[in-house]
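Listed in Swiss-Prot for this protein:
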- Ser194, Ser195, Gly196, Thr197, Thr198, Lys202, Gln336, Gly337, Thr341, Asp425, Arg440, Lys531: ATP binding site (BINDING)
- Tyr244, Ser248, Ala314, Gln336, Gly337, Thr341, Met349, Lys442, Lys446: (E)-4-coumaroyl-AMP binding site (BINDING)
- Lys265, Lys448, Gly449: CoA binding site (BINDING)
- 267-336: region 'SBD1' (REGION)
- 337-404: region 'SBD2' (REGION)
Amino acid sequence: MPMETTTETKQSGDLIFRSKLPDIYIPKHLPLHSYCFENISEFSSRPCLINGANDQIYTYAEVELTCRKVAVGLNKLGIQQKDTIMILLPNSPEFVFAFMGASYLGAISTMANPLFTPAEVVKQAKASSAKIIITQSCFVGKVKDYASENDVKVICIDSAPEGCLHFSELTQSDEHEIPEVKIQPDDVVALPYSSGTTGLPKGVMLTHKGLVTSVAQQVDGENANLYMHSEDVLMCVLPLFHIYSLNSILLCGLRVGAAILIMQKFDIAPFLELIQKYKVSIGPFVPPIVLAIAKSPIVDSYDLSSVRTVMSGAAPLGKELEDAVRTKFPNAKLGQGYGMTEAGPVLAMCLAFAKEPFDIKSGACGTVVRNAEMKIVDPDTGCSLPRNQPGEICIRGDQIMKGYLNDPEATTRTIDKEGWLHTGDIGFIDEDDELFIVDRLKELIKYKGFQVAPAEIEALLLNHPNISDAAVVPMKDEQAGEVPVAFVVRSNGSAITEDEVKDFISKQVIFYKRVKRVFFVETVPKSPSGKILRKDLRARLAAGVPN
């Protein structure tokens, strides 16, 4: 067993938990790209990106060179320090080149799901003030009008329709022409959108210092919490527009010199084939993928013995599912991490993944990352709680977000005066420093790891002339974890049906935000201040009497 450090301290009455691993030196002064490529001379000729779609392999030297060329290309199109580009792409090498290229300029990348509806994409492009959108030709229709009306350039990674540029125009630049920029540690580099603990999606400002710290907390140090090395092959099937994949797969992989195997979307047979073919050693997944592996009859036909780490995040993984999937990966350590976009995103990581591993319990989602502090507080009083008592999980450290873009009020609600980020998740820390999540204070629905903000769907429902009031809450689902369901009050005399409500929503939102059930009610329960009492509605669902 590795050496442990003191994990519990008292500060001004607060009980504060720290990692069992000692703090490490983190080069927080480095821009993100410099940090990720800091040790490139040790593995410049090794594979960096493997494109699962066509087996094309890019070495570290080729990737770093292409990122610098793209930086110059973006600059020639007018992108300067602190400008924003939107990456509207599925997993692809170009996603990596665009994100890292923007970092070299001190520019910001906002990442959006290419399956968003046109309205959802445009909303994010507007809110983030994106000056360039990098996408595929099949998604151009979603942004075409907005781009032409707002002088936003659209770049396609495949055949470019009229009025769009081709990505090759970026990669043909002279890499030596990168403008000299002085990037400050607190400058924003990534702008993912998250609903936070309540409300509508907001831009989460993640800085160079924040992402460098978060990656270092996972993979740096003598005894790295998430042990990876240059011989590893990481499966990148989770979407890079999601911070879990961007941080714990791409950035961590680049830092250690591992090969990153890019897969556009999850499909069980090709997924298993790629693991076998490229001898994937690290599998960062989400519960729906774990469920598919546990239940698929074809898994036993493939050799998965190369996998040594199976990590699940983005939503809690049940103990039964954890046990079921263990049998499919004979040589793998299986465990969970816990993250939240605003926290950079990793708060806790399973110590079975450490270079010198610790024993862990099934169902735990790790222990707090090093160089950070965690406390559990009573949601009503704000007082910190001792071990084994559930309360709101709070985290403090250099890895957390700078704040929400143009939303100081939401920032103040999430990060308090002492620098603690309040997650809105309820959990407890046991006598072995392991964190268990038990409930969610926040309103967010997690569909297969994707965020659904009830307020967003409720606003759309209230636009319907035959609906006078509505509330959206999560309903448990074996496949998806949670699905959104709506409680709807019909307008006077209206006979609107469940199917009509579902169709009305499905035309306006991406698939995972679609309402799966509609329950018609006389009234939506509310507090005296008018806040929807979601707990009451969730209790009705649990009791099997929604109406």
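Glycine residues also receive a Cβ, built from the backbone N, Cα and C atoms like all the rest.
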Candidate binding-site residues Lys265, Gln336, Thr341, Arg440, pick with smallest Cα gap to Tyr244 ((E)-4-coumaroyl-AMP binding site): Thr341
Counts of helix, strand and coil residues, the region 'SBD2' (337-404), according to DSSP: 6 helix, 23 strand, 39 coil
Longest CA-CA distance among Lys265, Lys448, Gly449, per record bound to CoA, angstrom: 14
Of the binding-site residues listed as Lys265, Met349, Lys448, Gly449, the one whose CA lies nearest the CA of Gln336 (ATP binding site): Met349
Neighbour tally for Lys265 (CoA binding site), based on other Cβ positions within 10 Å of its Cβ: 11
Binding-site residues: Ser194, Gln336 - member with fewest neighbouring CB atoms within 10 Å: Ser194
Between Ser194 (ATP binding site) and Met349 ((E)-4-coumaroyl-AMP binding site): CA-CA distance (Å): 21
Neighbours of Lys265, Lys448, Gly449 excl. site residues, C-beta within 8 Å of centre, CoA: Leu238, Pro239, Phe266, Val286, Pro288, Ile289, Phe450, Tyr512
Cβ packing number for Gly196 (ATP binding site), 10 Å threshold: 28
Helix, strand and coil counts within the region 'SBD1' (267-336) (DSSP): 31 helix, 12 strand, 27 coil
